[in-house]
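Trainee: So Swiss-Prot has the following annotated:
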DISULFID  CYS85-CYS172  disulfide bond
CARBOHYD  ASN159  N-linked glycosylation site
TOPO_DOM  1-16  topological domain 'Extracellular'
TOPO_DOM  38-49  topological domain 'Cytoplasmic'
TOPO_DOM  71-91  topological domain 'Extracellular'
TOPO_DOM  115-131  topological domain 'Cytoplasmic'
TOPO_DOM  153-193  topological domain 'Extracellular'
TOPO_DOM  215-238  topological domain 'Cytoplasmic'
TOPO_DOM  260-269  topological domain 'Extracellular'
TOPO_DOM  291-310  topological domain 'Cytoplasmic'
TRANSMEM  17-37  transmembrane segment
TRANSMEM  50-70  transmembrane segment
TRANSMEM  92-114  transmembrane segment
TRANSMEM  132-152  transmembrane segment
TRANSMEM  194-214  transmembrane segment
TRANSMEM  239-259  transmembrane segment
TRANSMEM  270-290  transmembrane segment
Amino acid sequence: MNENSRLHTHSNIRNTFFSEIGIGISGNSFLLLFHIIKFFRGHRPRLTDLPIGLLSLIHLLMLLVAAVIATDIFISWRGWNDIICKFLVYLYRSLRGLSLCTTSMLSVLQAIILSPRSYCLAKFKRKSSHNISCAIIFLSVLYMSISSHLFISITATLNLTMNNFLYVSQSCSLLPLSYLMQSMYSTLLVLREVFLIGLMVLSTSYMVALLCMHRKQAQNLQGTSLSLKTAPEQRATQTILMLMTFFVLMSIFDSIVSSSRAMFLDDSTCYSIYIFVMHIYATVSPFVFMSTEKHLVNFFRSMCEWIINM
């Protein structure tokens, strides 16, 4: 068994990882609950509410599945069979793909919302929510089809008699694929990453250009260099811009660490960094979204004041 199988002996790594997962589950649960309450109370939904609520649900499920898999990495376990290994790993990878698809479509939707009426993208505003939902479903089904090879390559470690497998957890391992299969799968994944991250970069650049143009117009109208009070649309755009930048950086770092891990199968340090980095975006994003909600900010502020005055 390789060095990764001894990760359960590293208490600091285990505590750090479960702390990250716990914070992420709490944040996404609160954000999802907020959107559910907002919906049932009859508040007029914004176009971005559906994808943000969907993203929080995806991240919540992904972190829960990650927590289950982590128990088999960091805690001594009796062992899972092939069916459990295949189901958990496939579900986790599918949820990660859904996260990427939804984040990309959210950036495109915000670019459409921000577009002035005279721009061609403004024509899609009325049906943007429906179109984005269809795009998310299509991309998700496509990615789940790409990941179907996991039903063949994931197996229970107890069934293995060779040493060149890739460690997933104490019970589950990834069998090496043939050169042709590995090349096809890698090509499809690269195309998916380039397409979706390319959409994010394009929509983000477009929104930055619109915000800069709007600020210049506002300064000309005011006749002063002082900035105007930020509009709700601009606040939402700035939030999504920050998330998109963060997501792209995390995706690049994730790819670098993942490639390094493929080259150094027995490096437990590389694997520890890999499993930590994979969940940073899912952990941080709900708190960034909640920071733009005035009702939530005021609620937390009053709670802090109440605790301080106790």
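Note that Cβ sites are derived from N, Cα and C of the backbone, with glycine treated the same way.
A description of the local structural setting of each listed feature is requested, covering burial, neighbours and distances.
Mentor: Mapped onto three states, the DSSP output places CYS172 (disulfide bond) in strand.
Across the topological domain 'Extracellular' (1-16), the prediction's mean pLDDT works out to 64.
Across the topological domain 'Cytoplasmic' (38-49), DSSP helix (H, G, I), strand (E, B) and coil residues number 4 helix, 0 strand, 8 coil.
Sequence-distant contacts of the transmembrane segment (17-37) (same chain, six or more residues past either end, CB-CB distance under 8 Å): 49, 52-53, 56-57, 59-60, 63-64, 66-67, 70, 74, 272, 275-276, 279-280, 282-283, 286-287, 289-290, 293, 296.
Counting only same-chain residues 6+ beyond the ends of the transmembrane segment (50-70), those with a CB under 8 A from a CB of the stretch are 17-18, 21, 24-25, 28-29, 31-32, 35-36, 88-89, 91-92, 95-96, 98-99, 102-103, 105-106, 109, 129, 132-133, 136, 168-169, 172, 275, 278-279, 282-283, 285-286, 289.
With a threshold of 8 Å between CB atoms, the same-chain residues lying at least 6 positions outside the transmembrane segment (194-214) that come near it are 100-101, 103-104, 107-108, 110-111, 114-116, 139, 234, 237-238, 240-241, 244-245, 247-248, 251.
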Trainee: Go ahead and report the DSSP secondary structure tallies for the topological domain 'Extracellular' (71-91): helix first, then strand, then coil.
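Mentor: Tallied per class, the topological domain 'Extracellular' (71-91) gives 14 helix, 0 strand, 7 coil.
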Trainee: Grab the same-chain neighbours of the transmembrane segment (92-114) for me: Cβ-Cβ under 8 Å, and only residues 6 or more beyond its ends, written as numbers and ranges.
Mentor: 47-48, 51-52, 54-55, 58-59, 61-62, 65-66, 69, 121-122, 124-125, 128-129, 132, 135-136, 139-140, 143-144, 147, 150, 192-193, 196-197, 199-200, 203-204, 206-207, 210-211, 233, 236-237, 240, 243-244, 247, 251, 278, 281-282
